[in-house]
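Lifted from Swiss-Prot, the feature list:
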- 1-16: signal peptide (SIGNAL)
- Cys42-Cys131: disulfide bond (DISULFID)
- Tyr43, Gly45, Gly47, Asp64: Ca(2+) binding site (BINDING)
- Cys44-Cys60: disulfide bond (DISULFID)
- Cys59-Cys111: disulfide bond (DISULFID)
- His63: active site (ACT_SITE)
- Cys65-Cys138: disulfide bond (DISULFID)
- Cys66-Cys104: disulfide bond (DISULFID)
- Cys73-Cys97: disulfide bond (DISULFID)
- Cys91-Cys102: disulfide bond (DISULFID)
- Asp105: active site (ACT_SITE)
Amino acid sequence: MRTLWIVAVCLIGVEGNLYQFGEMINQKTGNFGLLSYVYYGCYCGWGGKGKPQDATDRCCFVHDCCYGRVKGCDPKTATYSYSFENGDIVCGGDDPCLRAVCECDRVAAICFRENMNTYDKKYMLYSIFDCKEESDQC
């Protein structure tokens, strides 16, 4: 029952199409995306403020900025077309907005993979109240 509660809490705070973004993260890192990256640092999860705490948190900051540039659909709920081909994530479909959201998620998943060595468990479930420094600009 406790595990179910933890997963439910995690589901509330993740931006984007949860399943699709989580699958991309799993594919690129081998980690379960929801539990590994939700509420990590100052930017992973819902919203964000302050300075990214490390390169992993910066991936989330860049992802938030990318979502902020998407026009024509809601990146938080958009369902897009994508596939995995030879270890790569390939965004598809004809809708430019959905492709843009997919690209944001793809780039973030790759960023997590490239920065796995910076992942620090002390930033899991990090309090937003500890994110006091001035925010970087997108």
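Glycine residues also receive a Cβ, built from the backbone N, Cα and C atoms like all the rest.
Features per Swiss-Prot, on structure.
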residue: Gly45; record: Ca(2+) binding site; DSSP (3 states): coil
residue: Cys65; record: disulfide bond; DSSP (3 states): helix
residue: Cys91; record: disulfide bond; DSSP (3 states): strand
residue: Cys97; record: disulfide bond; DSSP (3 states): helix
residue: Cys104; record: disulfide bond; DSSP (3 states): helix
residue: Cys131; record: disulfide bond; DSSP (3 states): coil
residue: Cys138; record: disulfide bond; DSSP (3 states): coil
Review point. Which one of the disulfide-bonded residues (Cys59, Cys65, Cys73, Cys91) has its C-beta surrounded by the most other C-beta atoms within 10 angstroms?
Key: Cys59
Practice item. For the recorded positions Asp64, Asp105, work out the Cβ neighbour count at 10 Å and name the residue with the minimum. Key: Asp64
Review point. Around Cys66 (disulfide bond), how many other CB atoms lie within 10 A of its CB?
Key: 19
Point to revise | All-chain count of other Cβ atoms within 10 Å of Cys111 (disulfide bond) | key: 18
Study note, to complete from the structure: Rounded Cα distance in angstrom between Cys138 (disulfide bond) and Asp64 (Ca(2+) binding site) is 9
**Study point:** Nearest of the recorded positions (Cys42, Cys59, His63, Cys97, Cys111) to Cys104 (disulfide bond), judged by Cα-Cα distance
**Key:** His63
Review point. Where does Cys73 (disulfide bond) sit in DSSP terms: helix, strand, or coil?
Key: coil
Exercise for review: Round to a whole number and give the Cα-to-Cα distance in Å for the pair Cys59 (disulfide bond) and Cys131 (disulfide bond).
Suggested key: 16
Check your understanding: Relative to the Cα of Cys42 (disulfide bond), which of the recorded positions Cys60, Asp64, Cys65 have a Cα no more than 10 Å away?
Key -> Cys60
Check your understanding: Cβ-Cβ under 8 Å from Cys44 (disulfide bond), same chain, 6 or more residues apart: which ones?
Key -> Tyr37, Val38, Thr56, Asp57, Cys59, Cys60
